Amino acid sequence: MKDLLKFLKAQHKTEEFDAIKIGLASPDMIRSWSFGEVKKPETINYRTFKPERDGLFCARIFGPVKDYECLCGKYKRLKHRGVICEKCGVEVTQTKVRRERMGHIELASPVAHIWFLKSLPSRIGLLMDMPLRDIERVLYFESYVVIEPGMTNLERSQLLSEEQYLDALEEWGDEFDAKMGAEAVKALLGNMDLNAEIDLMREELEETNSETKRKKLTKRLKLVEAFLLSGNNPEWMILSVLPVLPPDLRPLVPLDGGRFATSDLNDLYRRVINRNNRLKRLLDLAAPDIIVRNEKRMLQESVDALLDNGRRGRAITGSNKRPLKSLADMIKGKQGRFRQNLLGKRVDYSGRSVITVGPYLRLHQCGLPKKMALELFKPFIYGKLEARGLATTIKAAKKMVEREEAVVWDILDEVIREHPVMLNRAPTLHRLGIQAFEPVLIEGKAIQLHPLVCAAYNADFDGDQMAVHVPLTLEAQLEARALMMSTNNILSPASGDPIIVPSQDVVLGLYYMTREKINAKGEGMYLAGPAEAEKAYLTKNAVLHARVKVRITQYAYDEQGNLSSETGLIDTTVGRAILWQIVPKGLPYSLVNTEALGKKQISTLLNTCYRKLGMKETVVFADQIMYTGFAYAALSGVSVGIDDMLIPKEKYTKIAEAEAEVAEIQEQFQSGLVTAGERYNKVIDIWATANEQVAKAMMDNLSVETVINRDGEEEQQKSFNSVYMMADSGARGSAAQIRQLAGMRGLMAKPDGSIIETPITANFREGLNVLQYFISTHGARKGLADTALKTANSGYLTRRLVDVAQDVVITADDCGTHAGITMTPLIEGGDVKEQLGDRVLGRVVADDVLKPGTDEVLAPRNTLLDEKWCDLLEDNSVDQVKVRSVVTCENDFGCCKFCYGRDLARGHLINTGEAVGVVAAQSIGEPGTQLTMRTFHIGGAASRAAAENNIQVKSTGSMRLHNAKFVTNSESKLVITSRASVMTVIDEFGRTKESYKLPYGSILSKGDGDSVVQGDTVANWDPHTMPIITEVAGRVQFVDFIDGVTVSRQTDELTGLSSIVILDAAERTSAGKDMRPTVKLVDDKGNDVMIPGTDMPAQYFLPGKAIVQLEDSALVGIGDILSRIPQESGGTRDITGGLPRVADLFEARKPKEPAILAEITGAVSFGKETKGKRRLIITPSEGQPYEEMIHKWRQLNVFEGEKVECGDVIADGPEAPHDILRLRGVHAVAEYIVNEVQEVYRLQGVKINDKHIETIIRQMLRKVTIVKAGDSEFLPGEQVEFSRVNIANRKLEADGKDIVTFSRDLLGITKASLATESFISAASFQETTRVLTEAAVSGKRDPLRGLKENVIVGRLIPAGTGFSYHQRRQNQRNAELEPVAPQVDAEQASQDLAALLNAGLSDD
């Protein structure tokens, strides 16, 4: 019997599917799902609690209410399985069929499906080529629509009002056919010939010229083709049969007191059934048309509400005024099916409790309370008790555990040994938020956590809680141990730096231990080794800080991995020698023997240990460091008292000086010498400087102390002040915080980011007065409000990033591409922000790296650059390397190993199946909460170092100018006349050391290739105005300068000099609106002077607000300034910072006023102007000129006649990433986004590897727009996956046909997530209704490639350990598809062989 059952069950196995397809259901299909028609709106009999027959809970249709028992009770027990009771008609089977059996309702009149009607763009409307308004009027019985015009002059699908219809009836009788309601729409859809429509549209597409029409046609064509290809029938968008959800999925639960709690769906279904039955009765009675019509309309509305309540008209509400939850609401949103039940499930075998410190634990351990362990490991304990024969049955074992007998604890110890548990702290922002530990049983009720993993969990012990999960199966335990054990996660996946780094107490202890003190007890001793040093310390013959000589043995590994040692006397301190005892062999003593061992140095120590000696040593070392640190922190006795905050004596004089300066500025302002804005800025500058000076004085005062040395002389040494030591070691606090404690609090910001000009001169030691306290609260409250917003925004960013990147998995070893991105060191101004070595570390070289100036290959192609290679590049002064990148990987799905490079968390080449997309998303999203929300205003002490007005080089070398145009002025200095010029300083090896932007009009004292010495000032400019510089010499001639109309004269009161100011267009009278004030240059005869190398006259148009300080017909030389444009407006543009900036970059949002870039290479000219815009024309040397209209208020960087390259900046502003992609290509846009995102994170001191950002960029670039379709089935203008085009092109090329040409698109992460191939993934992200509607119409097939889809359908994900499972299935499937070779048994084979041989012999 059992085997029979097994056989029956096997038929329904749904494991073996490779894809999920979604489509429209035909009425027949709905009937085939159904187990019977629901005819009555009744649910259950409230007296007997039995379901009503033919009602919404009918047992005959949906199955029995009790297991193996029919409704009337005639058949009970298993033996009657499968019998259908003749009395009540119920099949005797399990109740759970009530979760899967569906019913149906035969609708008396067809009804349109609201999703295909109202979800924009309306599918029904697009298909019928009618406006949505018109279709609605037909469906809701307001108008007639012509279905068959016959011989009349009406047209098909023409709308007729009631009167028009009656007139037509009178005129033509029944020659034509017109109807209303869903029947009419159904008839129209049924009459469509899709093939004919397609041919018609393709013809129209050939002929049409208008862009809008072409777009509309393409949309409609794609829809019609989708219907044809998917085998969906357009009529199926109109429902004539409505499926009914199985009753256990819309339960009715009796509450005590005779009331019922019910799912909203039951109410909605009841309304549909009531109206449907009433309509049937009305039709039978042949009621008047108007009544029937009203009933049909009501039926349509009730079905609309059932499918998607609130989409049309007001939402139907229940008894408590709350809108009812329809079928659509069930699946969408955070509480919907996708996100609540399919992507996030609850787990059994878990517990949670408060965490506390376990400083004596080893790194791989955690303390688990006995109570919790007993509960969590129950099944294992029961099993063990039974296996030992201590309990006869599970029930007996249960009893023993409940009584907590002595033997149970012994068994628990055994069970727990070597059985890892997983600890998780919410919010889990990156993969280190869940790690595995070996449990150690402890008393008490709190989980004990190892202090070093706190950084990864972002945990502290102020009441945080953590959850424990038990991996049950052997595979799960193995994975937890091999992959998730805390000892295997020493490096952060975001940056590749150690994340198991001591902080706070431990750092302070080690720092204190390794400091030196002058003339301490025991100074000058000679010690035989670390052990003797420790002895000396313990016997109080020497203190920790005493400077002594110790005999130290250092070990080092050579290339072959052999240990060699050398011993020598080293000047050091007692503390450092003691610390050396725990340092593993193979590290140099210099790492310990430093001025002070702060947090950075300890991090370096651990990193070096990991790279040189491997994981095991590092783990042991980290634990030892922690124990030592804690011990010596306790011995140090560092604590904070109010006297430790030393206030510098100079503070009060500095403040008095600043106050005097402010008073002076105030006087100047009152006498009208400075404007309000200037006064404000100057006051803030004064206070910012004063604050800096007080802070400096305070730190100088705190950081050194004077002591008497052995010779009795005074000497300076680093201070042992507690506050200073905490900050200096990196344990807690920073210079900025000490400044508030003992310096002055300084300037405070208002919530809008502007700075209050009254500073807080007091510090926390002195205490604030009421006014100062009030000013402080202003910004502080903003900070708290920001934090709450930030957390939500950051979480949403992470969610979008994960969604867009989830299907990037390492799928292949090498895609073989030669493409890549060129890496150079990041230089801003005079300092190197990031060395080349740091940027290319862990990358794979795309082309051979040559030694500069030779043909010698330093690093061959496909080398993984590790630390040693990077040092080699550094030694040979290589200044650019082309490395492979995720962005340029040519794999169709996922990415290859070489393009990704090193697995940052493990330190070797990445493995296949690694889910690099999700790791990238987590790495970018996790620090999100640390980023600021604020938009920075320039003009605050925060960001205003005095405006730059010159360049002073910081290193010696030679100077280079890049894409610079310049003229030489009368003083034979160079004046820059180009916009995007860059000046770099190069050392003798040709490496770029510094890089500066040169603004237009800067005056250089050195030329290209000249040598410069450190400290030289090589360029100056005026930061507050933008000059207009003449490129020719001649006499000035003013054009359109009319006093009071286009210009006004102003005389400076102080200097008596007069200047001419051009009026803004808004200030001019109507007469001056069309005039363009221009400065022309003429020679002595009055003829125009030409710009050298062109036939353009030299004339300079002046924008509004420009100031001219020349008189008409003055003589000017080359490079002289004709006019200045004040740069006030430009300076106060808000710079969006922090989190919003990162979100903007990844969403690829166009900035408000983007930079205007040249679309083609050519010469600039201006054409006819309109009211608010001017016409920019770029004429190439050959081909069509390009025109663009630009707002007049945009300041242009080009003058008439200038030559521009494609992608040059014409008007300044933030660059739009789409423009960069279009004009400069994929590499440029990738570099732009990477640098901009890194800029934000670098400001916050967060380190993220470029790889992660590139992974996201790859996903943003995965769509292309078809330009020419070639011989493919794509349409021009269609947006397609990059991979699909590549696959199609390879096939076309192989067949020798025309390939597709396309342009790459940049999509924001939200758009990109919704545009994935997988509709399941897109639907579970956002806009569920729209995604599913679109997918259903085009009959989409989801190949289940990404991680999310597989989680939703309940499979292993195709990454990590699940990767091999999916590959195995794939291979199995391919094997099934291949023709099977005929099987031959051994005897047959030997006979065949003999026959062949005989044949061969008999031939002779």
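In case you wondered, yes, glycine gets a Cβ from its N, Cα and C as well.
What you are looking at is a predicted structure, and each value in this text was computed from that prediction instead of being measured.
Of the residues Cys870, Cys889, Swiss-Prot places Cys889 in the same Zn(2+) 2 site as Cys815, Cys896, Cys899.
Comparing local CB density within 10 A for the binding-site residues Cys72, Cys85, Cys88, Cys896, Cys899, the maximum falls on Cys899. For Cys889 (Zn(2+) 2 binding site), the nearest neighbour among the listed binding-site residues (Cys70, Cys88, Asp462, Asp464), judged by C-alpha distance, is Asp464.
Neighbour counts of Cβ atoms within 10 Å were taken for the binding-site residues Asp460, Asp462, Asp464; the minimum is at Asp462.
Long-range C-beta contacts of Cys815 (Zn(2+) 2 binding site), restricted to its own chain and to partners at least six residues apart, with a cutoff below 8 Å, comprise Cys889, Glu890, Asn891, Cys896, Phe898, Cys899.
Contacts of Cys70 (Zn(2+) 1 binding site) defined by a Cβ separation under 8 A and a same-chain sequence distance of 6+ are given as Ala59, Pro64, Lys76, Val83, Cys85, Lys87, Cys88, Val90, Glu91, Val92, in order along the sequence. Cβ contacts within 10 Å of Cys889 (Zn(2+) 2 binding site), excluding its own Cβ and spanning all protein chains shown: 27. According to DSSP, Cys899 (Zn(2+) 2 binding site) is assigned to a helical segment.
One way to see the shell of the Zn(2+) 2 site is to take the Cβ centroid of Cys815, Cys889, Cys896, Cys899; the remaining same-chain residues with a Cβ within 8 Å of it are Ala812, Asp814, Thr817, Arg884, Val886, Thr888, Glu890, Asn891, Cys895, Lys897, Phe898, Tyr900.
Between Asp462 (Mg(2+) binding site) and Cys72 (Zn(2+) 1 binding site), the C-alpha separation comes to 61 Å. Report note: the Mg(2+) site is defined by Asp460, Asp462, Asp464, and the residues of the same chain whose CB lies within 8 Å of the CB centroid of those residues, excluding them, are Ile355, Ala459, Phe461, Gly463. Cys72 (Zn(2+) 1 binding site) sits 56 Å from Asp464 (Mg(2+) binding site), taking the CA atoms of both as reference points.
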